[in-house]
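Participant: Sharing a structure, written as structure tokens. Questions coming.
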Amino acid sequence: MPRLLSSALALRRDPRILKIPPYLSLLCILVGAVWLFLLPLNEYSRRTYISENALLPGQVHTYFGGSDQNVLRAYKQEVNSLVGKSNVEINDKLESIVRGLGLKTARQNFTYHAAGRTFEGENLYAILQAPRGDATEAIVLVAAWENVKHEVNKNGVPLVLTLARYFKRWSLWSKDIIILLSPDSIAAPQAWVDAYHDAHDSSRVASLPIKSGALQGAIAIDYVQENRFKSVHIVYDGVNGQLPNLDLINSVVNIAGGQMGMGVALQEMWNHNDKYPDRLRTMLRGMLKQGLGLASGPHSSFIPYHVDAVTLQPFGEGWQDEMAMGRVVEGTFRSLNNLLEHLHQSFFFYLLMHRERFVSIGTYLPSAMLVAANFTIMAIFLWMKSGQPEIPAASTTESSDKDDAPTPTTERDLFLPLAIVALSGSLSAIPLYIFNHVPESALTPLFYLFLLINTLFPITLSLTITTLFSPNLQQYHLVKSFSLLLLGMFLSSLATLNFSLAMLIGLLSAPLSFVKPSSSPVSRIVGFVLLNLTSPPAVLLASAAIWGLNVGDILREAAVAWHVTGTYSAVVVWCVWWPAWLAGCVCVLGRPGRDQEEEKKVKKA
């Protein structure tokens, strides 16, 4: 035992042990990335199932149809006559129709300011009181006048009006049904949901004159195509990567795909053959939307308030008509009406790769945690390295003969490294504020100006620090250690809230773990170029080119999401990723003071 203990102590003092962490860090990144690509396999994913037995999806006979089709045609003519009119004129007409059905109606005004633009309008909503309920619970049926692509919802609005008339005739409802007719798909639903939960800014959003009970679920209809359709597309992505309870999606799939015989698609995968490539594409598309954190439809505003919601979009050429779509909504509402308590048994954290295939958080979370752990490993490694004096290579072999000697340590100079990391974090407020508050017309030129400054500023900052303070190698190690420690801590915490965003930022930040200061000009230039290619502005510019968008459009959408729906992706990019990148550039461009002194001695000699 004493010999074993002595061997362990000798191993701890062996300088070769410090060569392991960089390889361990790289292994964490590789395993995390490979883990992600294994998820679509049958061995790592599971078939979907209904956890809440009370839902009973597809177990009821739907009656929507027959004479309701004539009513739908009449409402469609009324809606078509309103195209091109103002929001108030549209609501005047729709309100008269809804009141004619015997429902209580109310309106709500809202105004948002973002990217130099004003988003204002008026919501119209009505409440169908449940004959068998006590107004303590409600389900919402939403139809926005315009969808997220600014197309008029010519079939969705008439269908909702027809369903309201149809639902009014039934006495089986135990929950109130709220009909929400909003002018757009993002700002208007957000204003209504905020006001419903008394979480609104009264200076921008008016309070609701009438309310019902706690919202148990919401279904939005986005039906813009005129011809018959083949399948239904379920849009389920919420704000900041939040998702509805998986039971709601499974219920819609069961009703539409099983009972109604429709095809069901996710993530715009119109033709899915349930093979590995299509599963992977569906999963990655879902991760990208979840990572961006933008609202994808009227349903997105409900999810942050723990109201499970989806948007249904017909697509394709087939034989299904508006009545079939109405029966899907009816079946879903009948299932939600059966609930005795809020949806809670199924998953809220999942990745869907097929309408009947998913992975839960326990399966996919380790991949993001491994990527985040690589930053923590390197931070600890650099902290240990900063406390050891620089030992000449020749004396390394002699140290193995002195196992019992105490390991020499040096005092760490923490002030300058902490100041550099704090400065990087403080400067991050500048791009965050600018890109969220300047007018839309100035976003593109400001971005390219920032791209230029972002390239030159690290060079200027590094030269200034080198000239004024002449940091040594230990201080550069500490700068990188503190920066990576913060990055790993933030990403590991974020992974439990928005796995996709943490994974994306972690992979894009991976080069920060391996760059280091060097006395070689070539090494410094190569490292700096590598970091610039993976900087937040460069990635944003490359993304705009890949998607065929103007970078100003992306920044405008991010600014609108920041002010209207409270999307925090910009905070992660500018206040977590960018400061770590800036600190990494300072380390790459830095020249330890010892190297400068040696050069001076060489010149004098």
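Even glycines carry a Cβ here, placed using N, Cα and C.
All TrEMBL annotations are machine predictions without curation.
This is the feature table in TrEMBL:
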| type | residues | note |
| --- | --- | --- |
| TRANSMEM | 20-41 | transmembrane segment |
| TRANSMEM | 361-384 | transmembrane segment |
| TRANSMEM | 414-435 | transmembrane segment |
| TRANSMEM | 447-470 | transmembrane segment |
| TRANSMEM | 482-510 | transmembrane segment |
| TRANSMEM | 522-547 | transmembrane segment |
| TRANSMEM | 567-590 | transmembrane segment |
Participant: Kindly say whether the transmembrane segment (361-384) and the transmembrane segment (414-435) touch, using the definition of 3 or more Cβ pairs under 8 Å where each pair is 6 or more positions apart.
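Facilitator: Per Cβ check, the transmembrane segment (361-384) does not touch the transmembrane segment (414-435).
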Participant: Does the chain bring the transmembrane segment (414-435) near the transmembrane segment (482-510), so that three or more CB pairs sit under 8 Å (pairs 6 or more apart in sequence)?
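Facilitator: With 3 or more qualifying Cβ pairs, these stretches touch.
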Participant: Using a cut-off of under 8 Å between C-beta atoms, tell me which stretch among 20-41, 482-510, 522-547 contacts the transmembrane segment (567-590) the most.
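Facilitator: Between the stretches 20-41, 482-510, 522-547, 482-510 has the largest tally.
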